[in-house]
Amino acid sequence: MSKQLPQDFVMGGATAAYQVEGATKEDGKGRVLWDDFLDKQGRFKPDPAADFYHRYDEDLALAEKYGHQVIRVSIAWSRIFPDGAGEVEPRGVAFYHKLFADCAAHHIEPFVTLHHFDTPERLHEAGDWLSQEMLDDFVAYAKFCFEEFSEVKYWITINEPTSMAVQQYTSGTFPPAESGRFDKTFQAEHNQMVAHARIVNLYKSMQLGGQIGIVHALQTVYPYSDSAVDHHAAELQDALENRLYLDGTLAGEYHQETLALVKEILDANHQPMFQSTPQEMKAIDEAAHQLDFVGVNNYFSKWLRAYHGKSETIHNGDGTKGSSVARLQGVGEEKLPDGIETTDWDWSIYPRGMYDILMRIHNDYPLVPVTYVTENGIGLKESLPENATPDTVIEDPKRIDYVKKYLSAMADAIHDGANVKGYFIWSLQDQFSWTNGYSKRYGLFFVDFPTQNRYIKQSAEWFKSVSETHIIPD
């Protein structure tokens, strides 16, 4: 049965500066935490990515043609302040003015992220989210952007803070690649929320008339079985990745039950509790009461079972199905129940998880007035057909099926009261992936990376139909 979306519902594609722009050494751009990390790994490079730095007009024209009303983009902090602070690079400032003007020319509203995984190198070396200098410089950079880019009406402070903190210090898949440091993970989580709060409060004090929010990666966590120990493992995983952030950014306080779960994880790893001050908590509370929206990035769900051994993480970075391992000391082990479909990268396909997280925000965090689904999509191994022409349309029925199921779950949540106002597919075009390079394709538009030619995927045509009719077909 087809489902109806509200008439004011907006749809578009999502991008991130480091994953699409390329041009990492052009026009005075400074280095970021990934540059040295990827050089040493030697597996893949962030250039040319999708060459959005030079081809943004081509991609925005495609977005307009295929029914997009909105787009997610991020500002590369190190294009504006190559060193993270100090001297401004005017060529970087000029680029983003051109980008936003082109969005307007194509009748597409940009939702602009200030930090999308790309801390400037100097600040990363100073401690990244564990450094007070980083937090202060981030607020100063945000203030500059608010004053400079007055044409932007929708701002996002941080993209997926949980992905940064957990992958930097728990799983070790993001630089500095430390693992098992739950103390650093939770301190980074708190510090991110302090920086976010300071920026929200600053923006509101400037009375610029736009809106500001935050984007969270929220994967619903379920117990592997009905046993009490598996239920508790799911609660611990949820506290690590979801609950502390939801409490801080959407309720303005850390609930005692959440802090007890955090302390249990830290105690099991013989690590100290994170530090906070009354002044920081006051800022967090103030920000939660004036946040305009929350973005939900949801791709998959997790199932947890009790586990009492040492932490072990094996990241599936090449699409070898079944190669992932995730066991965390003091938390639990990820284990999929039988019958749950997965992608080649071991991400579960479970639309119910989208419904459950949207309803959780609606029911448990009533302060936040509006929700957007700011990322959702499926990574696939795709290739250009032989003898492709500019008119070639690449078939991707798996993507259409995936997005249809998740949009349907989202529509059910809207029907049941969740105030979801828009959906951004990850991703607009094929892009560079932080830990998978160029093998994992998410785009509505296929990018032939050697030539940078764009080709339409069938999903782009399907997406246009949904966007224009507001009807999700059977």
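Using the three backbone atoms N, Cα and C, a Cβ is placed for every residue, glycine included.
Fair warning: this is a prediction, and the values are worked out from it, not measured in the lab.
According to its DSSP assignment, Asn297 (D-galactose 6-phosphate binding site) is in a strand. The Cβ of Asn297 (D-galactose 6-phosphate binding site) has 23 other Cβ atoms within 10 Å, all protein chains considered. What Swiss-Prot lists as D-galactose 6-phosphate binding site is Gln19, His116, Asn159, Glu160, Asn297, Ser433, Trp434, Lys440, Tyr442.
Note: Glu160 (active site, proton donor) has non-local neighbours Phe117, Val215, His216, Ala217, Asn297, i.e. same-chain residues 6+ apart with C-beta under 8 A of its own C-beta. The active site, proton donor annotation in Swiss-Prot covers Glu160.
For Glu375 (active site, nucleophile), the number of other Cβ atoms no farther than 10 Å from its own Cβ, over all displayed protein chains, is 24. The active site, nucleophile annotation in Swiss-Prot covers Glu375.
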What does DSSP say about Glu375 (active site, nucleophile): helix, strand or coil?
strand
In Å, rounded, how far does the Cα of Trp434 (D-galactose 6-phosphate binding site) sit from the Cα of Glu375 (active site, nucleophile)?
16
Taking only the Cα atoms, work out how far Glu375 (active site, nucleophile) lies from Tyr442 (D-galactose 6-phosphate binding site), in Å, as a whole number.
11
